[in-house]
Structure formats: structure tokens, C-alpha cells
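First up is the structure itself, then whatever we jot down about it.
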Amino acid sequence: MDKVKIVIAGPRGRMGSEAVQLVNRTENYEIAAVIDHKNGGGFLGDFEGFSQFGQVPVYTDLALCFQELKPDVLIDLTTPEVGMFHTKTALEYGVRPVVGTTGFSKENLKELEELCQEKGIGCIIAPNFALGAVLMMKFSQLAGRYFNDVEIIELHHDQKLDAPSGTAVKTAEMIADVRENKEQGHSQEKETIPGARGANFDGMHIHSVRLPGLIAHQQVMFGSEGQTLTIRHDSYNRASFMSGVKLAVDTVLKIDTLVYGLENIID
Ligand SMILES: NC(=O)C1=CN([C@@H]2O[C@H](COP(=O)(O)OP(=O)(O)OC[C@H]3O[C@@H](n4cnc5c(N)ncnc54)[C@H](OP(=O)(O)O)[C@@H]3O)[C@@H](O)[C@H]2O)C=CC1
Ligand SMILES: O=C(O)C1=N[C@H](C(=O)O)C[C@H](O)C1
């Protein structure tokens, strides 16, 4: 059986470097190339800490990489601005994207859905690859059917660029699908310091904590008369995301539409 040829964008990053290791240790996967905006033209083995990857080529130009190597899958773990461009370029060239990069807008997702349809190939966008986080979102959606007062508190390392996290946005979207719409808190509530009540998503509030020492954590708190329910997930390292990346790569090869969220494929 031919190996799945994979290109990884963002290979020196916290997630990208973990994905390089995943692809390397998976028997039927092969790293065809990596995309790095600062170091094109060389080899992955030249990067500090990557010497075992010797002759894997490094491209800055994604389109050129796709033209020359015709890979099967792009794994994108970069930044929101670049991630959208990479995903569109991949679909244009018939390469199936697995996107962990967060910060995509509704409009971005719509555009990518249409592009998948036009090209007839699959794409997976997963705001969180950790199985526990996916279950936390599903459990929160279930709870949202019974409790319509909810506060989402996401906690991340202080190098994170986007707030709220992609996971928090996805959680709010999933709860909003089942929750009776409600503006929470007192109708005359006033913030004496702007932002004190967090971001407002359909009346739910999202709070973003950023601290060194954290990795990726979220708790969803529901309240009603005399009781609260808290659903919490913690990722203590980036290895926690890798089984989800593998599931997404294996699945994207078999689908021909956009899938947004691993909850749609874990079953
Ligand atoms: N879905 C999930 O389960 C998870 C998703 N994430 C998301 O993944 C993304 C990456 O996170 P993380 O690894 O922590 O971030 P890092 O900042 O550690 O990594 C991002 C990498 O992307 C590189 N990069 C930036 N611009 C480009 C470009 N134009 N072309 C190629 N590479 C580029 C950066 O290089 P340089 O530093 O040189 O600019 C850096 O190496 C974020 O959006 C984050 O929210 C994170 C964890 C889990
Ligand atoms: O930047 C991170 O670290 C993470 N980003 C994702 C998000 O925005 O939800 C997933 C996870 O929380 C880690």
C-alpha cells in the first residue's frame, strides 16, 4: 500500500513539531515536505532538534510544493491568517487539509465548505483534536438542553494569539444549537471595568485566561436554582492532541465534504 504523503505547515511550532513526530512514527505516513515561512529551500534536518529528518524539503511556497510533490494531505498548524490561505490553496490543488489552526470565522468556513463541494474533496477543521475536549463539548451540549445559563471559562498558555479559543467558540456554537436563547445575568448589569463579563455569544459569556504554565484547559459552568454543574477538560501536553490528528488524517482521505469539529467523526 502506498504511504500517505503529508505536508506539515508550521513544523517548528509547539503543535507542528509534535505533528512531525506523529507522522514520522506512523507506519503508513510519510512527511513529503514542510512549509516554513522563514526557512525555505533547505531541509528539515537543518532545523535545531530535527536532525533525524535529514532530507525532508522545506518550502516557503505552498503552491510550488503541491505542484512538485502532489501530496495527499496538508496538516496546518500555523496562525489564523495564514491557515485560511493554506487551506484554500490545498483545496485548489486537490490536497486534503487537516486544520488545527484556530480563529476561522463563519465566513471562512462557508467559503471552504463551498470550495470542498466544488472540488469534491474533504477537509477537516478541528478546533480541538483532544478526544477528552471533544467529549467535554458534547457533554456541554447535552447539558445545554437542560440549563440555559452557562459561562465558558477557557484557560491557555500566554503565547496563544487568538481569544477566545477555537474550542470555546465551538463549545458555544454547539450549546447555542440546543439552548433556549437567553441574555444572562441581571438586565441592568453594568461593567465597571470593560470586559469584566467576558465575551457575549448569544447571551452566554466566554472568559479567556492566559497564564504561563498553562497548556489548554476549559471549564463550562451551568447554573440553575440551587445548583451548578461544571464540565472540565485539561490538556497537560501537546501529545494529547495527536490521536485526534491521526483520526482526522485517516478520515479526510475518505470524505468529500468539509467537516468542522471532530465530534462529527469520532463515532
Ligand atoms: N486543534 C487543536 O487541537 C489545537 C490547535 N492549536 C492551534 O494551532 C495553531 C498553532 O498553535 P501553536 O503550535 O501553539 O503555535 P506556535 O506559534 O507554536 O506555532 C505556529 C507556527 O506557525 C509558523 N508560521 C507562522 N506563519 C507561518 C507561515 N506563513 N507559513 C508557515 N508557518 C508559519 C510559526 O513560525 P514562526 O514562529 O517562525 O513565525 C510557528 O512555528 C494555533 O492556531 C492554535 O490555536 C493548538 C493546539 C491544539
Ligand atoms: O493554542 C492552543 O494552545 C490551543 N488552541 C486550540 C483552541 O484555540 O481551542 C485548541 C487547544 O485549546 C489548544
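Each residue, glycine too, has its Cβ placed from N, Cα and C.
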According to TrEMBL, Gly10, Pro11, Arg12, Gly13, Arg14, Met15, Gly100, Thr101, Thr102, Ala126, Pro127, Asn128, Phe129 bind NAD(+), and the residue from Asp36, Asp72, Asp149 that belongs to that same site is Asp36
Do me a favour and check the Cα-Cα span between His157 ((S)-2,3,4,5-tetrahydrodipicolinate binding site) and Arg12 (NAD(+) binding site); whole Å is fine.
17
Can you tell me which of Arg12, His156, Thr167, our recorded positions, come within under 6 Å of ligand 1 at the Cβ?
Arg12
Checking the recorded positions His156, Lys160, Thr167, which are within 10 Å of Ala126 (NAD(+) binding site) at the Cα level?
Thr167
Neighbour-count leader, CB within 10 A, recorded positions: Lys38, His156, His157, Lys160
His156
